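Input: a single structure, listed below in structure tokens.
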Amino acid sequence: MTGKVGISRMLTLEVTRVTERAAILSSLLAGRGDEKAADQAAVDAMRKELNRLDIDGTIVIGEGERDEAPMLYIGEKVGTGNGPKVDIALDPLEGTTLCAKRMPNALAVLAMAEGGSLLHAPDTYMDKIAIGGGYPAGLVDLDATPKENIAALAKAKGVDISEINCCILDRPRHADLIAAVRATGARVSLITDGDIAGIINTTDPTTGIDIYLGTGGAPEGVLAAAALRCTGGQMQGRLVTSSDEQKARAAKMGVKDFNKKYDMHEMASGDVIFAATGVTDGNMLEGIRHVRGGITTHTVVMRSSRGTVRWVKALHPSIDIFK
Ligand code: VTB
Ligand code: MG
Ligand code: MG
């Protein structure tokens, strides 16, 4: 291969192993009503697998600060140290509630990029907007109204506004947003959790989701931006720091302008690898299945420098190797 293509492509399969292990071990706790235990299983599994990799890795996006969940902490070093310097963003179990209730779309998620190229976002909320690929840059904007964004998207797609479907997290804080979107004539697809999948769904026409709007976790925002860098699409995010304590945390991570609107290229720059493995069945990935002969995993792994999107179905002969 010629030309510079960023971090080693060999890592594509390595990161797949990391999300596979996290998904398998957290899936053993799916449906058991214990979010923390499922999250802990995913965290431990990711740490174990990451520490086997020949990388000089730093966790720059973890999760859990906000709700004191078990986390791979920000700043933690992972890997053998013998390899490229990489930044790692992860959500070992995206949708802990989905997993604990055995509802669809729980995922194990990780992004890896060249050192210094992922936004160091605190675990606060983030306002987000995303659409799929193939539209002129700047078609939608976080600072435009839902009506303006949806009208612009409908026009670009050449469809009536009534045919636009907007994905939003089902939260009381979104009551006005949901009403505003419905008032345009568009439809709203509500999700209970899991906005990484909600955002990625905008890039896949078969999901029927055209646009994502609303406020969710900032770590999930950076992970979704990493995914969209690979699939194509547009996304913007803005941190929501509502207290002095949150502002202090953001400042500690290097954020200078608390109102900055980040384009996805500023949240994830350079060469990025993104991987997600299904824990429970979802509209993007199959969940973990115990079958005759072992356990199956379903992973999507993508890389921004080439834009390759791989769907990896794996059969692992025995759970024992993961324990
Ligand atoms: C958000 C969303 C995530 O949790 O962080 C949400 O981005 C938490 O929001 O995908 P609430 O505080 O309103 O529950 C998820 O849905 C799952 O981590
Ligand atoms: Mg998590
Ligand atoms: Mg999450």
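Positions of Cβ are set from backbone N, Cα and C atoms, glycine also.
Features reported for this protein in TrEMBL:
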type	residues	note
BINDING	D39, E63	Mn(2+) 1 binding site
BINDING	D91, E94, E220	Mn(2+) 2 binding site
BINDING	E94, G95, T96, Y125, R171, P172, R173, D193, G194, D195, G217	substrate binding site
Quiz item: According to DSSP, does R171 (substrate binding site) fall in a helix, a strand, or coil?
Solution: coil
Self-check item: binding-site residues close to ligand 3 - of D91, E94, T96, R173, E220, only those whose C-beta is under 6 Å away
Solution: D91, E94, E220
Quiz prompt | binding-site residues near ligand 2 among D91, R173, G217, E220 (Cβ under 6 Å) | solution = D91
Quiz item: Which binding-site residues among D39, R173, E220 have CB under 6 Å of ligand 1?
Solution: E220
Quiz prompt | From T96, R173, G194, the binding-site residues whose CA lies within 10 Å of that of E220 (Mn(2+) 2 binding site) | solution = G194
Self-check item: Those binding-site residues listed as D39, D91, and which of them has the most Cβ atoms within 10 Å of its own Cβ
Solution: D91
Exercise. Work through the binding-site residues one by one (R171, R173) and point out the residue whose CB has the fewest other CB atoms within 10 angstroms.
Key: R173
Quiz item: Once the chains shown are all counted, how many other Cβ atoms turn up within 10 Å of the Cβ of G217 (substrate binding site)?
Solution: 24
Quiz item: How big is the substrate site in terms of the longest C-alpha to C-alpha distance among E94, G95, T96, Y125, R171, P172, R173, D193, G194, D195, G217, in angstrom?
Solution: 21
Quiz item: Looking at the binding-site residues D39, D91, E94, which has the shortest Cα distance to R173 (substrate binding site)?
Solution: E94
Quiz item: When you measure from the Cβ of E94 (Mn(2+) 2 binding site), which residues in the chain that are at least 6 apart have a Cβ under 8 Å away?
Solution: A106, L107, A108, V109, G194, I196, A197, E220, L223, A276
